[in-house]
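A.B. asks: If you look up Swiss-Prot, you'll see D148 marked as active site, proton donor/acceptor, on the strength of sequence analysis. If you look up Swiss-Prot, you'll see N10, E385 marked as Mg(2+) binding site. Taken from Swiss-Prot, the feature ATP binding site applies to K17, H208, L209, G210, N211, G212, D283, C284, R285, G331, I332, G333, E334, N335. Marked as substrate binding site by Swiss-Prot on the basis of sequence analysis: R91. Among the features that Swiss-Prot reports, site 'Transition state stabilizer' is placed at H180, R241.
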Amino acid sequence: MSDKLVLVLNCGSSSLKFAIIDAQSGDDKVSGLAECFGLEDSRIKWKFDGGKNEAKLGAFTAHREAVEFIVNNILAEHPELAAQIKAVGHRIVHGGEKFTRSVIVTPEVIQGIEDCASLAPLHNPAHLIGIRAALASFPALPQVAVFDTAFHQTMPEKAYIYALPYKLYREHSIRRYGMHGTSNIYICREAAKVLGKETKDTNIICAHLGNGASVTAIKDGKSVDTSMGLTPLEGLVMGTRCGDLDPSIIFHLVKQLGYTLDEVNNLLNKQSGLLGISELTNDCRGIEEGYQDGHKGATLALDIFCYRLAKYIASYTVPLGRLDAIIFTGGIGENSDLIREKVLNLLAIFNFKVDDNLNKAARFGQQGIITQVGSPIAMVIPTNEEWVIAEDAIKLITAK
């Protein structure tokens, strides 16, 4: 029986990953994914004791229903496991400048997360649903919030300050924050092991690619630049987010086309990206199927996605000085050999040479180098944000 079990809830914009993890060993006792929120085939899958399970959540369900299913179905069937849980850990995308490290959840912390919701409109509200559901279901357990933005507090000013009047930062904290920090912590640690280096001596570029996507330059184990900005909207092309664009487009939409600001916000966050370009889907699996079938919109969306990603990776060699490896992670990064190949081919100036067999083998949880011997290194590492969250949760409640 472990005294370090943590229930981790990781509420994404269109999915919810959950796990009961031994914070010391990283072993999953239960792990699962609820996905396709807002669609007709919303579902939940989980593993327990070697067995795989799946259930439908119902059409157009989302985070709240997924949390209720975990509590009322999965944990209710295994009360002995539920009794061993020492804390609930929550991944929080945006903590602004208020939260620079993980914290135990209090009413003040909940309010702080809510105050940052405008900076992560697809995520922080979902996190709050998870926190409130967990507080109701586990009133006696400490709850811990782990912030994606905390890892990026090591960025220098030249990386996080926008070219706006400085008083906007000084008075209103408008700056680059970055996300996916919890994933970056794990990836850097695991990449260092593969490379035979200490984390503090490791220089990598991490491409975390999912429905939300970002690139981070990590020098000597610390974040020095990242593609997401004040909010998760900046940077790469994503599932429904536009990423970088000329800010004057917003003025044009409002003044010339009659959009309201709320409509523009919805357009840029929920109707753009892969979905907007392809006019097909925000799901990269569907985009790849369309690409293989010759669908014009899907092909264009995939090409723009890969081109933008390759440009960011190339630019992030600037702050590193030395590049030990490019790491692909996240749902797309871990499973799309097509996107990895296209991106590395676009980086031909750096002499990356993809090993077709290794690249195709690195899918469905398989980790490994995907480039040829003698080539600069690119590898796939499945992320494990949940383990990092569990570790922080146990550290905090032990230190109380």
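Backbone N, Cα and C atoms are what each Cβ position is placed from, and that goes for glycine too.
Keep in mind that this is a model prediction, so the values were computed, not measured.
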A.B. asks: Would you work out the biggest C-alpha to C-alpha distance among K17, H208, L209, G210, N211, G212, D283, C284, R285, G331, I332, G333, E334, N335, the residues that bind ATP according to the record, and give it in angstrom as a whole number?
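C.D. replies: Across K17, H208, L209, G210, N211, G212, D283, C284, R285, G331, I332, G333, E334, N335, the two farthest Cα atoms sit 18 Å apart.
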A.B. asks: Want to know which binding-site residues, from N10, D283, E385, are within 10 Å of the residue listed as 'substrate binding site' at Cα; which are they?
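C.D. replies: So the list is N10, E385.
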A.B. asks: Helix, strand or coil at R285 (ATP binding site), per DSSP?
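C.D. replies: DSSP call for R285 (ATP binding site): helix.
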A.B. asks: Tell me the Cβ neighbour count for L209 (ATP binding site), meaning other Cβ atoms within 10 Å of its Cβ, over all protein chains shown.
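C.D. replies: The answer is 27 other Cβ atoms.
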A.B. asks: Check the Cα distances from the residue listed as 'active site, proton donor/acceptor' to each of the binding-site residues N10, L209, N211, D283, R285, I332 and keep only the ones within 10 Å.
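C.D. replies: Cα filter at 10 Å returns nothing.
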A.B. asks: Between K17, H180, R241, which of the recorded positions has the fewest other CB atoms within 10 angstroms in the structure shown?
C.D. replies: K17
A.B. asks: Distance check, please: Cα of E334 (ATP binding site) against Cα of H180 (site 'Transition state stabilizer'), rounded to an integer number of angstrom.
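C.D. replies: Rounded to a whole number, the Cα-Cα distance is 15 Å.
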A.B. asks: Could you round the CA separation between E385 (Mg(2+) binding site) and H180 (site 'Transition state stabilizer') to a whole angstrom and send it over?
C.D. replies: 9
A.B. asks: Taking only same-chain residues 6+ apart in sequence, whose CB is under 8 Å from that of N211 (ATP binding site), what do you get?
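C.D. replies: In sequence order, G12, S13, S14, S15, M238, G239, T240, N282, G331 meet the Cβ cut-off.
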